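Notes for the one structure printed next.
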Amino acid sequence: MALSFSLLMAVLVLSYKSICSLGCDLPQTHSLGNRRALILLAQMGRISPFSCLKDRHDFGLPQEEFDGNQFQKTQAISVLHEMIQQTFNLFSTEDSSAAWEQSLLEKFSTELYQQLNNLEACVIQEVGMEETPLMNEDSILAVRKYFQRITLYLTEKKYSPCAWEVVRAEIMRSLSFSTNLQKILRRKD
């Protein structure tokens, strides 16, 4: 059964107040959340990746966007937020709901949602500390285009089990790259 959009919206509205009161503890909270998300994503695999080798695809992960040395902290947090938001959107679709074991999908979505809350709290806090623009628009656009390519691939492959397996592996890869960005952020603190 698809995740109820109205339920997700209710959770979003109810937790919005708490976002503003949270402090930014990104290095610990996001790193742990990212590890939990990776574990859940690994558990979601239903078919052997080896049976889907013919479906592999290069989605053009914008690796340079995960090189935190080129960003200020607020911009790096914004890139992380966009990546998690796009992942959440991808796995909140009806097609995604049909592809994965429901309890694992719900846990994964909940983990992503919590990471979004943490990142939003950090953006709110960091914007007050820095006079730089909130986002590096080119970086955000690169992340969005990356996810558009993933969505187009799924559509072209008619959301087949192998297509979802390839996407699952790709999202694990992108979450791993975001871990590198988090390490750089920790050094900047």
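In case you wondered, yes, glycine gets a Cβ from its N, Cα and C as well.
Record source Swiss-Prot places CYS162 in a disulfide bond whose other cysteine, from CYS24, CYS52, is CYS52. Summarising the environment of CYS52 (disulfide bond), the number of other Cβ atoms within 10 Å of its Cβ, over all protein chains shown, is 18. Taking the disulfide-bonded residues CYS122, CYS162 in turn, the residue surrounded by the fewest other Cβ atoms inside 10 Å of its Cβ turns out to be CYS162. Here CYS122 (disulfide bond) is positioned 39 angstrom away from CYS52 (disulfide bond), judged by their C-alpha atoms. Put simply, CYS162 (disulfide bond) is 36 Å from CYS122 (disulfide bond) when counted between their Cα atoms.
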